[in-house]
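Worksheet: one structure, shown below.
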């Protein structure tokens, strides 16, 4: 049979459902039963899809027992889904909504690939109450359905990468490029790249400012710190307007209002529901109580993580400095080994709990579920990112002598026998004076360099370079050293059908890729924003390093999405959600940390003619109580004052940005007039301007006709003129 496929014209596949029938049972009877259950589930899946008017066909996957169910949606079904969504948008009142009775002209207003994939995916995964099929990976009814994915467009990806790596040399992404990303990947991915581009462009000012202050050797400058905090507030408030403008242009403003319910949502059917089509509601106070109930557990994990990081910090900052025993040249690597061995495992355990806790909260919509999970997860990620700097700035530098004396005393004074003291003296520095002098005065700068340069290089390598290396290793493993791969032809893939076989190989390659998560990219950028905003007064070159990193990040993320990850499933979105609030919190934290750091470490704070130049230098060789009272307490009071100043500055900047960037803009006018125009057209469709007067009779009694026919106004005015 001749092949119906062409190399340049593969079959149109909207979605791929990855079905796994792999049995992990031991006995033969259990294996047979598991196979029958898998067959029943697969048949039920095929029947639901085909009965709904979709085309579905299964092919073997790479893994044993894996079946790839390719789904295509006929055009008439697509038009019905489009019309249904327009009807929903109109009822909710989205600015982009048009009359449902108006038929969309796909010639002048074509349907984007992202919208097509989103419509089909929403139709398949939404519940039956909302007109969907209720097919959700991992759900109780579909335990063997692993995931749902879409195929990449090689043509678009190649054009995208060539444009950004060869022609695009700056940081900016214009509306035309953003529209192309939205057309292909949806609003959520386009919104991320707009945020990344805008953030990178905004870093040009603090990078130049930091270079200037670094050139003149002025760390911990109050001028630099104040400007950085004001810049961070301005960027956050400006982005708040920017995403509003983009959502209006893209027609996604208020998209959360039309979001379908999560299939995992379980309503309470014991009470009365407002909507007769609703399977139940879930009281808001129950969800809030469940969210509050998770706070103690989150606090416990945060405390354990902080204690672990503090222990590693003390070991690295103090114990390794006075260790003189065997292998002392390698002892400096032990804190890193401890961090790699313990911290990721603790975070993995916490994330599994966070997912279960967020599921227990029973969110109605996926957006609120993601927001709650993001806040829980990023809270501990921020502790990992910033606790080391906080310990160095507010514990190590102020109290290093006190802590070193305590550790030294614990190692030596606590030894009961002379032999134990001699043994300790052979391993650790026995001279207390030398031990107290083993303090790294540039520790904060070294940490900032590691966080803003070394770590970002490592992250870029892990995201972009490592997948190529792993792919090459897997290819060598699969093909052999000589690179000769034995081609296997399945029964349903005849040798002559070359185009189909190549297409299925491409599909299997796409299925083997990991799923793309926006959380990782947003987390990386928001964490970097925290380093620049809250800690760059330590090392003013941090914004410049962040700017360089983000130039590569723009291109690396494009390469990662198009090459190393599955195609992102499009989502309608009008905001970056909890990440915006996280950045707002970081700006408040920056006001506190900058003010405290400037007070403690600013050169010349005591007086230019004094031999002691900083507040902390005046506390050298003092007791813990004196250092705490004379340095730390005033720093806390100054930070508290800065917090009040931050509130006033934020209110003022928000008002100014709102006036300059939003008031009177084209998007504001569109937002104000869209609802009015839709309602006016709706009234026109009802014939509201036409009134049937044939059936109406004059209700004026004949006895009142003379009253309405006489007018004394003109006579009165004529009399007044005559008298004048």
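Quick reminder: no glycine exception, Cβ is built from N, Cα and C everywhere.
The annotation domain 'Anoctamin alpha-beta plait' is assigned in TrEMBL to 12-144.
Annotation comment: TrEMBL describes 182-659 as domain 'Anoctamin transmembrane'.
Here TrEMBL flags 222-239 (among others) as transmembrane segment. Note on the transmembrane segment (222-239): residues 195, 198-199, 202, 205-206, 209-210, 213, 529, 532-533, 536-537, 540, 543, 576, 580, 583-584, 586-587, 590-591, 594-595, 597-598, 602, 646, 649-650, 653-654, 657-658, 661 of its chain, located 6 or more positions outside it, place their CB under 8 angstroms from a CB of the stretch.
Beyond the ends of the transmembrane segment (295-318), by six or more residues, the same chain brings 332, 334-335, 338-339, 342-343, 346-347, 350, 353-354, 357, 376, 379-380, 383-384, 387-388, 391-392, 396, 400, 403-404, 407, 440, 443 to within a C-beta distance below 8 angstroms of the stretch. Here TrEMBL flags 295-318 (among others) as transmembrane segment.
Long-range contacts of the transmembrane segment (330-350) within the same chain: residues 301, 304-305, 308-309, 312-313, 315-316, 320, 323, 380-381, 384, each at least 6 residues beyond the stretch ends and with a Cβ under 8 Å from a Cβ of the stretch. Look at TrEMBL and you will find 330-350 (among others) tagged as transmembrane segment.
TrEMBL lists 378-399 (among others) with the feature transmembrane segment.
Here TrEMBL flags 631-653 (among others) as transmembrane segment.
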Folded-back contacts onto the transmembrane segment (378-399), same chain, C-beta under 8 angstroms, at least six residues removed: 298, 301-302, 305-306, 309-310, 313, 317, 343, 347, 350, 443-444, 447-448, 451, 523, 526-527, 530-531, 534-535, 538, 578, 582, 593, 596-597, 600-601, 616, 619, 624, 627, 631-632, 635
Residues of the domain 'Anoctamin alpha-beta plait' (12-144) by DSSP state, where helix covers H, G and I: 58 helix, 19 strand, 56 coil
